[in-house]
Amino acid sequence: MAELRDRRLRGEPDPDPYGDAFLLIDGWEELRAVFPETDVYVRQLAEKGLTLGIHVLVAAKQWAAIRPGLRNLLQTRIELRLSDSDQSEIGAEHAARVPQRRPGRGMHPSKQHFLTALPRVDGAKLDALVEADQKNGRWPRRAQEVYRDSHAEAVAGLVDRVRSGWRGYPAPPVRLLPTELPYRFPPANDPKQIPLGIGEKALQPVHLDFRREPHFYAIGERGSGRTTLLRTIVRGITERYSPQEALIMLVDYRRTLLGFLTTEHLAAYVITPDQLRSHVEDVIPALRKRMPGPHVTQEQVRNRSWWSGPDLFIVIDDYELVASGGENPLAPLAEFLPMAADLGLHVVLTRDSAGATRGMFERFTLTLRETSAPALAMSANADAGRLIGVTHSRPLPPGRGTLVSRLDGSQLIQTPLVP
């Protein structure tokens, strides 16, 4: 970076059209409450970013809110007026001397007072603002109070003036996930990967690979896009597997997927507990026949060649209805979930976030979670807590969620609209 800055000062050709990057975070506590994983990312930027021209600036209500791992990387630290001077890093006695009700006043680590400048360049308007305030018949106020009333407008004006006067490259806009995504995906490197949506990290398609991770589940409130998500997955399966390679059992008590799957991939369409119980009883003997016997070789295990036939995808919408009441018709399949990759068994389910804290600990879903299956945390009431990993529940646009995978980490994604 030092060499790059020197080249710019000398007016030499610059391979990077942009300058240093500044990450400003106002309200650190609020950010971490909604995005707890932010702590790790910001710490990585603070640790490695300086050599790349990346600067991190954080504002918090108290020092304790910033963990030592990050706080120690923030070499320049100043204090404004604290609600509790005993929490000062400079010293309680000095912190107590910072005047109250004087925004911008603070203490420097050198134990010198400072006054922060307002980010505005329209000081000539101050007299006019004060005069207008007095004409309104109000009780006379300090000029700084009047000045502060128009602060947001003045900052916006400053930004506009800087932008209009800048003759270099403009800063690239922040790329965001779309609120609506059509079902259009380029071919994946692996033809058997199922497209799930667009990931926030690179704004590139993300996929499910049921050969590496045989199961998947999603949790979200009503209207979060759970059923549309299943349509996306089912469509991906039918486009990438032939009926000889994959069959699908649709469990759809609310009939929201009625008529959606009409190809030969459909092995069964289940709408009642009795139907589901009957189909599970038929599936179990076939799974037992696929269990590797004592004479199966390592090569056969590697190629999964000791049996032949299609994989079975059991796709369940509104799982909470399946597991409610008495015995769960899917419970007998729980013993096969850990070895599902060898047996060609895949479970894909969605459930309502209401009651999920308890519901995800019944036998079938608990076994599913223990397989470290990838999962999608969709929109849910914040009171629902952590339903998937360390991801906090929060309201999200329909189709959006945090994808959590043991192999690929976690990221926010947007799933497509599939009618």
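If you go along the chain as it appears here, the first residue is 1 and each next one adds 1.
Each residue, glycine too, has its Cβ placed from N, Cα and C.
Here TrEMBL flags Gly220, Glu221, Arg222, Gly223, Ser224, Gly225, Arg226, Thr227 as ATP binding site. Around Ser224 (ATP binding site), a 10 Å sphere centred on its CB holds 26 further CB atoms from the protein chains shown. Classification of Ser224 (ATP binding site) by DSSP places it in coil, neither helical nor stranded.
Residues 78-81, 88, 90, 114-118, 148 of the same chain lie 6 or more positions beyond the ends of the compositional bias 'Basic residues' (99-108) yet place their CB under 8 Å from a CB of it. The compositional bias 'Basic residues' annotation in TrEMBL covers 99-108.
Per TrEMBL, domain 'FtsK' is recorded for 203-387.
As annotated by TrEMBL, region 'Disordered' applies to 89-108.
Sorting each residue of the region 'Disordered' (89-108) by its DSSP state yields 4 helix, 3 strand, 13 coil. One residue stands out among the binding-site residues Arg222, Arg226 for having the most other Cβ atoms within 10 Å of its Cβ: Arg226.
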